[in-house]
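Novice: Okay, these came from Swiss-Prot:
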- 22-97: domain 'ACT' (DOMAIN)
- 61: phosphoserine (MOD_RES)
- 238, 260, 268, 339, 369: L-tryptophan binding site (BINDING)
- 275, 280, 320: Fe cation binding site (BINDING)
């Protein structure tokens, strides 16, 4: 006990050491960029002594920020990864007692450690609001573009813990949803996997899945939270593979709220709320599938760009376009198929090329966005796909392990004996509970 107290005191003294630190970092020349970074200092109660900016000498699109601050070691450790998520840190000049010794973690890409950290990456969309490609069905429709901008602003203003804004959908949007809902429901009994068919009626009962009603994301999120611990977070558009998979690690599904253009209800060049609600949500309500999705997300945290791309491709050919075997027949569990009438028919037509799911092969397959896939991968079951992905995840090169804590909705970085011992103690308790339960069942089999 004395030794523990001594160690705690040393750790406390160590973390409370303060000093004057100079940081230089570069930012993209965009609206609000500096405000986001300064907010990091404010929220971590760091006193800024001096700040100035200058045009970057390396890139015209960037400018450099010089910050002089009074900060503790603990604060420096807290804000450094947050700064790296918004800016490129060029220089840190600090007293020796505040400079953390270099280790392999310095080379690891920033990743969220707790669910609220998703606020730092959920708005890094690749396309924003009314910015539509020229071949988009709504490109020339100014009313539709304004509507898309409205949905984008709602998502960009969302923060973890906020209720998802309720939407009053237009008659045109409801009609578009209704067409998709009606046509897909004709195919589901003969094409969708049994887990999907089991959960869809529950969504009709508790979340208002009907032909004449577009479900509210807040209602859907609350339903999923009770079923599998997943929650919904509104997003303005496409996220990078790294940012999207990061959400899955915390059982957060980034979900669009906008509806595709009404000129072609059966086609969309991008994920819309019809795709999310009809394709993804019913299976996110399935515990085994939810676990599978989260494990792909966890494998992506801190991984290299090459590895993240491989994981994203495996996600694409399972969660988006995966097939499985049930009762001797092929069935669909991929959301991209379950929300596309024509490709759903094609995938089970007997003319599509199918292969057994193998992550090492699937990760090299080209993902097609505007046409049917060249090949579809078949899993024996969700458990089979999960086991194969677990083996694949073991090949991810990271100088640490990760353990998700569902109570705090955070990830524990396992990189030393202390953190690993702590994780083992938690596991030992869980095993004791199961062991005790087995003993009781054996003792009183009729209970």
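Just so it is clear, glycine is given a Cβ too, placed from its N, Cα and C backbone atoms.
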Novice: A 10 Å Cβ contact count, applied to the binding-site residues 238, 275, 280, 320, 369: which residue has the minimum?
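Specialist: Each of the binding-site residues 238, 275, 280, 320, 369 was scored; lowest Cβ tally within 10 Å is 369.
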Novice: DSSP on the domain 'ACT' (22-97): how many residues come out helix, how many strand, how many coil?
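Specialist: Helix (H, G, I), strand (E, B), coil: 27 helix, 33 strand, 16 coil.
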Novice: What average pLDDT is reported by the model for the domain 'ACT' (22-97)?
Specialist: 79
Novice: Which of these binding-site residues is closest to residue 339 (L-tryptophan binding site) if you go by CA atoms: 275, 280, 320?
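Specialist: So, of the listed binding-site residues, the one sitting closest to residue 339 (L-tryptophan binding site) is 275.
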Novice: Cβ atoms within 10 Å, counted per site: which of 260, 268, 339 has the most, among these binding-site residues?
Specialist: 260
Novice: Reduce the DSSP letter at residue 320 (Fe cation binding site) to three states and note it down.
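Specialist: DSSP call for residue 320 (Fe cation binding site): helix.
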Novice: When DSSP is mapped onto helix/strand/coil, what comes out for residue 280 (Fe cation binding site)?
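Specialist: The three-state answer is helix.
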Novice: Express the distance between the Cα positions of residue 369 (L-tryptophan binding site) and residue 275 (Fe cation binding site) as a whole number of Å.
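Specialist: It is 14 Å, counting Cα to Cα.
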Novice: At the Cα level, what's the spacing in Å between residue 320 (Fe cation binding site) and residue 268 (L-tryptophan binding site), rounded?
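Specialist: The Cα atom of residue 320 (Fe cation binding site) is 15 Å away from the Cα atom of residue 268 (L-tryptophan binding site).
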